[in-house]
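Contents: one structure, followed by commentary.
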Ligand SMILES: Nc1ncnc2c1ncn2[C@@H]1O[C@H](COP(=O)(O)OP(=O)(O)OP(=O)(O)O)[C@@H](O)[C@H]1O
């Protein structure tokens with residue numbers, strides 16, 4: 001566990017953890033030495049009280065140093081605990097930000113929520129509470145055994161052997177429980193995912209009268225209860241086995257003493273001294289074993305953090321097999337192919353260019369791949385085949401900052417931050433003046449709505465924008481995109497939740513943006529499409545037609561079929 005933590009932590013925090021381990025190891029050695037000296041002092045007291053002074057002085061000195069070192073170690077431990085948790089949160093947050101959106105399945109989202117809210121805070125207690133007894137359980141018996149060599153080297157060896165046996169017993173019982181813990185965790189994650197689904201899909205569950213969904217949830221919760229019982233059932237035999245082994249080892253040490261007494265190779269005072277130490281070491285070992293369950297859980301948590309961190313992020317660098325960049329200041333899409341996870345190909349051999357200025361409309365039947373094209377242009381995923389270039393540079397060779405500085409999006413599943421309308425719009429360009437924000441609000445058709453809301457731009461939108469209607473949310477997103485004035489603006493279904501008047505306002509804004517940069521609109525609205533400088537027609541993941549409305553409207557093909565369906569298709 002320690003090794004994994006060192007690997008995960010940034011250099012500064014890892015160094016602090018090493019420092020803490022050294023202090024704890026020193027404290028454990030001093031603890032063992034003090035125990036050994038206790039045995040020697042008792043032996044000296046029983047043998048001849050006059051010889052006790054040097055042992056007693058050594059014992060007191062060892063105890064004093066031990067207490068000081070232990071205090072320092074504990075102070076460091078609390079600080080390292082909180083810094084470790086913070087560093088893990090930051091590391092996970094940074095890593096999640098670089099993962100493709102396809103990674104965020106509901107079950108993985110549940111895992112991440114569980115790790116961020118429960119797992120990582122639990123790990124905070126590892127340096128502060130669990131590391132010390134773990135190190136003590138191993139190091140203190142070793143140090144005590146070596147100190148006992150001052151009294152009898154045979155006992156020293158016997159204690160070393162007993163320590164090794166105790167250690168292996170504890171590891172064996174831990175291994176038994178780990179498999180059950182893993183199973184329990186899997187059903188807990190499944191239950192969390194069911195709970196999230198049950199909570200978020202209430203409208204569907206109620207209106208569709210789906211009693212099975214509640215059944216799924218209660219089955220998942222039953223499984224959690226059963227797995228917890230199984231887990232408790234495995235921990236108990238492990239603890240009993242460890243306790244039994246400790247008692248057998250203690251009896252063996254006593255038996256050895258009796259045998260050596262009978263052979264007159266050991267005196268009774270040494271035997272008493274050694275057995276006192278052995279009894280104390282049994283207690284130290286048992287404390288370590290009792291905390292082993294907590295340690296196991298933390299190790300499992302750490303394994304799950306490693307699993308998240310091992311997920312392949314979208315990388316930045318020169319892509320393999322890259323061809324010479326095309327001299328174009330807009331977007332060029334070359335032979336694009338894409339499949340979600342290992343599913344079917346949803347885009348196949350798609351190539352097109354967006355000139356550095358102008359409005360392009362992407363049209364096609366539902367499921368033809370329009371949103372997927374927009375997602376690849378925004379690099380939410382990397383293409384399975386082909387490439388996307390912005391001003392001649394493959395998106396994969398650009399850092400996230402470089403790309404997103406040039407990109408504004410209004411997507412179907414856009415999210416508003418839990419702050420005011422004004423702040424949400426301003427996230428696009430924090431340095432924007434009040435006049436620029438007002439202009440974006442006007443151009444997005446938000447003016448009347450903002451005036452009607454209490455507080456105007458200071459109106460809080462609620463989590464995810466829940467205090468706004470669908471159309472209001474969409475217009476805030478449009479205003480945000482307008483304020484950004486990016487080189488490329490992607491509008492996916494941007495006018496779907498708008499009434500005709502506001503829809504026209506947004507289209508005017510899109511045309512305005514298209515005078516300064518590239519605008520790609522995915523729309524089902526004839527007015528938008530007819531006014532575009534270029535129309536791209538997708539059918540089942542393939543680009544089947546391109547041109548202007550005038551060029552395509554009378555040509556037999558999908559476009560003519562689509563527009564013949566009416567104003568909206
Ligand atoms: N996250 C996803 N995981 C797996 N498959 C997906 C995912 N998103 C979309 N698809 C599939 O990819 C195909 C193209 O979907 P896409 O959303 O790009 O189509 P679209 O043309 O935008 O459709 P619509 O007009 O209905 O929004 C569909 O078959 C869809 O089922």
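Just so it is clear, glycine is given a Cβ too, placed from its N, Cα and C backbone atoms.
Annotated range for transmembrane segment in TrEMBL, selecting from 157-174, 175-192, 193-210, 211-228: 157-174. Check TrEMBL against the ranges 23-46, 95-118, 239-262 and you find transmembrane segment recorded for 239-262.
Residues 20, 23-24, 26-27, 30-31, 33-34, 37-38, 40-41, 44-45, 132 of the same chain, all 6+ positions outside the transmembrane segment (52-73), place their C-beta atoms under 8 angstroms from a C-beta of that stretch.
Mean pLDDT of the predicted structure over the domain 'ABC transporter' (331-565): 87.
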